[in-house]
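Noted in TrEMBL for the protein shown:
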- 33-232: disulfide bond (DISULFID)
- 81-91: disulfide bond (DISULFID)
- 96-101: disulfide bond (DISULFID)
- 149-222: disulfide bond (DISULFID)
- 154-212: disulfide bond (DISULFID)
- 160-176: disulfide bond (DISULFID)
- 180-189: disulfide bond (DISULFID)
- 190-200: disulfide bond (DISULFID)
- 1-24: signal peptide (SIGNAL)
């Protein structure tokens with residue numbers, strides 16, 4: 001199960017890394033937003049939750065988590081959250097129903113995806129996707145890798161059109177829905193009769209979201225690396 005490094009003694013941390021034969025990865029999270037974010041994680045293939053599924057990061061705060069070899073999952077930032085002492089509450093964007101996420105989030109949100117390698121010589125796959133929409137800028141930096149490890153990210157101003165906007169109580173735009181999320185039609189979602197490259201044509205909305213690439217050609221690989229995930233990075 002993912003563990004917060006800050007809560008482990010140096011000796012225990014060393015033992016954990018030795019047990020994993022060097023194949024475990026460290027995911028670091030840094031909040032460069034001017035407001036608190038609540039990063040959330042959702043594990044695939046029945047893998048362990050990272051950081052109990054969610055944690056808060058104040059502006060300028062960072063945290064590190066140990067990730068087991070072979071872990072795969074999704075990471076996103078929740079914003080505008082309010083929770084009571086029992087963990088009940090909701091978030092304005094990226095909400096998952098409680099303080100600690102046990103399921104996926106409610107779009108729209110900017111999404112980071114990982115498939116952690118099983119060994120130090122295998123590749124980890126990672127990317128930033130706008131398939132679920134956009135709420136905060138994100139960047140992934142690979143550190144200490146042994147291959148051509150590139151960064152992934154999206155901080156572009158999408159100029160979200162009114163029909164895709166999510167606004168807060170004051171009318172300020174806080175997120176931008178994907179075309180599929182906004183209209184839920186087969187043509188917009190490349191589903192059913194529109195599920196092939198020949199029938200799924202690019203629309204004006206797809207071109208807008210292409211400002212931050214989110215197709216399969218934008219998935220990156222890196223071997224033997226740890227990763228830094230930055231929310232609201234100043235630059236890519």
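Placement of Cβ uses the backbone N, Cα and C atoms for every residue, glycine included.
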Distance from residue 101 (disulfide bond) back to residue 176 (disulfide bond), taken between C-alpha atoms, in Å: 22
Nearest of the disulfide-bonded residues (81, 96, 180, 189) to residue 232 (disulfide bond) - Cα to Cα: 81
C-alpha spacing of residue 200 (disulfide bond) relative to residue 33 (disulfide bond), in angstrom: 36
Neighbour count (Cβ, 10 Å) for residue 96 (disulfide bond): 23
Nearest of the disulfide-bonded residues (81, 96, 101, 190) to residue 222 (disulfide bond) - Cα to Cα: 101
Candidate disulfide-bonded residues 101, 149, 189, 190, pick with smallest Cα gap to residue 91 (disulfide bond): 101
Cα within 10 Å of residue 190 (disulfide bond) - qualifying disulfide-bonded residues among 81, 96, 149, 154, 160, 180: 180
Integer Cα-Cα distance in angstrom, residue 149 (disulfide bond) to residue 96 (disulfide bond): 31
Residues satisfying Cβ distance under 8 Å from residue 180 (disulfide bond), sequence separation of at least 6: 188, 189, 190
Nearest of the disulfide-bonded residues (81, 154, 160, 200) to residue 96 (disulfide bond), judged by Cα-Cα distance: 81
Nearest recorded site to residue 81 (disulfide bond) by CA-CA distance, among disulfide-bonded residues 101, 154, 160, 200: 101
For residue 81 (disulfide bond), the number of other Cβ atoms found within 10 Å of its own Cβ: 19
Count of other CB atoms lying within 10 Å of the CB belonging to residue 33 (disulfide bond): 19
Same chain, 6+ residues apart, C-beta under 8 Å of the C-beta of residue 101 (disulfide bond), given in sequence order: 40, 41, 42, 49, 53, 54
